[in-house]
Amino acid sequence: MMDQEDDFPLEGQFYKFKNQKDRILELIWKPYYWFRMLCDELHWSFVSGVVIIYGINQGMSLGLSKISTQYYMKDEQKLQPSEAQIYAGVIQIPWMVKPLWGLLTDTLPIIGYRRRPYFILAGLLGAFAMLSLSLNHKLQLASALLCLTGASAAQAVAEVTIDACVTENSISHPSLASDMQSLCGVSSSVGQLIGYTISGFLVHLIGSKVGQKFLDACKAMWMALKCKNVWRPCLYMYVSLAVSLHIHEGMFYWYTDAKDGPLFSKEIVGTISSVGAVGYLLGVLLYQNAFRNHPFRFVLFWSQLLYGASGLLDLILVSRVNLQFGIPDYVVAVCDAAISHMIGRLRWMPLLVLSSKLCPSGIEGTFFALLMSIDHVGSLTATWAGGLLLRTFNVTRTQFDNLWMAIVIRSFSRILPIGILFLVPNSDPSASILPAEMLKTKKCDDDLDTQKLERAPLVTFVDQHLGDS
């Protein structure tokens with residue numbers, strides 16, 4: 001009897017360990033099942049397109065080019081921080097005219113296709129621009145800016161095209177809107193992680209119905225913008241980005257050039273940026289698993305508040321308080337990159353989901369591009385305002401005494417958008433925001449996409465062979 005009684009605790013412990021193992025395996029396989037679900041619901045061709053555009057074209061290329069561009073402006077063009085900040089805004093101008101790219105993809109098919117040709121054109125433009133920059137080592141500033149702006153335009157065209165596909169699927173699969181934005185965010189974050197990880201080392205080593213459709217699209221956009229449920233969130237998105245001043249270039253110069261600063265090497269700067277990409281990924285995962293079902297205002301309030309507080313980590317570093325407690329500069333910089341980027345992405349995710357729900361049927365690509373261009377105009381405003389702030393406080397290549405004041409003002413400005421959160425609908429992210437008449441799909445010109453949908457011949461061919469096998 002005693003032996004049998006002793007067996008029961010062991011048996012219970014065995015099942016406990018077994019259940020723990022099952023939970024661990026379930027956690028490990030959860031991303032795979034989520035990805036498989038998206039492929040089943042939305043088709044593998046769409047999912048692969050998102051991964052390619054957001055992961056490689058946008059995420060990885062951003063990680064590879066950002067640091068090299070910063071060093072190029074600093075070391076080759078010999079610019080001041082305020083000048084580099086202004087020109088960084090110039091490079092963003094193609095993102096401000098994203099509605100133009102959206103109008104082209106929505107109203108101007110090429111050889112019967114609305115999407116595929118623009119992917120090809122974007123790739124050719126980006127390759128030509130970056131090859132021109134890399135093969136000419138003594139370009140004037142104007143020519144270099146033209147090449148960098150061309151590459152930025154290529155990325156904008158590719159993103160507009162895939163965003164149109166994402167928005168169309170968000171309308172046809174409203175319950176998966178958050179999942180699709182999370183897929184975009186995960187792809188972009190992983191791509192940035194890879195790009196930033198190797199960027200520092202690489203820099204170190206390598207040194208006829210068109211007119212009518214156009215008018216119809218413009219009218220539809222104007223009707224949508226007059227809707228209260230549309231223009232109010234648009235205003236919030238612009239203001240929230242515009243007042244969040246950017247002083248990245250001032251911090252970059254301080255990281256690398258200040259005599260009493262950390263004097264980080266290229267490899268360390270690349271590593272810090274790669275940690276920032278990890279922060280982006282954590283922000284996407286945090287939103288997807290914890291906040292995707294919360295009202296927009298709730299997420300935006302807390303993320304905006306934390307976003308402002310995270311900016312003060314730069315103040316700890318610049319004031320050198322960390323050294324008084326024996327904390328290395330690298331540790332503070334890494335924590336700053338991870339936390340600020342995570343909160344920044346958490347703040348950005350509900351705005352992406354909200355944007356996908358503000359797009360009327362028939363002009364999804366155009367309108368989503370318009371919303372994104374509004375965001376980029378806000379970002380451009382913040383970038384140029386940050387450059388003006390650096391110049392006002394006389395932050396130069398060799399003078400950083402007033403950088404701490406710029407950091408304090410930047411951190412405070414990040415909290416200001418909380419005062420206009422009433423512009424954002426306090427609704428369930430899975431609910432529709434637009435009136436029903438704006439979500440009715442058009443039948444007249446969609447036959448083209450039904451019969452000659454981009455990727456359709458290839459997809460049909462592959463699916464048939466998979467079915468036969």
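The backbone N, Cα and C atoms fix where each Cβ goes, glycine too.
The transmembrane segment annotation in TrEMBL covers 42-65, 116-135, 235-256, 268-287, 299-318, 367-390, 402-424.
Per-stretch counts of Cβ pairs under 8 Å to the transmembrane segment (235-256) identify 367-390 as the leading one among 42-65, 116-135, 299-318, 367-390, 402-424. Between the transmembrane segment (402-424) and the transmembrane segment (299-318), the number of CB pairs under 8 angstroms, six or more residues apart, is three or more, so the stretches are in contact. With a threshold of 8 Å between CB atoms, the same-chain residues lying at least 6 positions outside the transmembrane segment (367-390) that come near it are 81-83, 85-86, 88-89, 92-93, 95-99, 101-103, 159-160, 163-164, 166-167, 220-221, 224, 234, 237-250, 351, 355-356, 358-360, 406, 409-410.
Counting same-chain residues at least six beyond the ends of the transmembrane segment (299-318), those with a Cβ under 8 angstroms from any Cβ of the stretch are 240, 244, 251, 254, 262, 287, 291, 329, 332-333, 335-336, 339-340, 343-344, 346-347, 349-351, 400, 403-404, 407-408, 410-415, 417-418, 421, 424.
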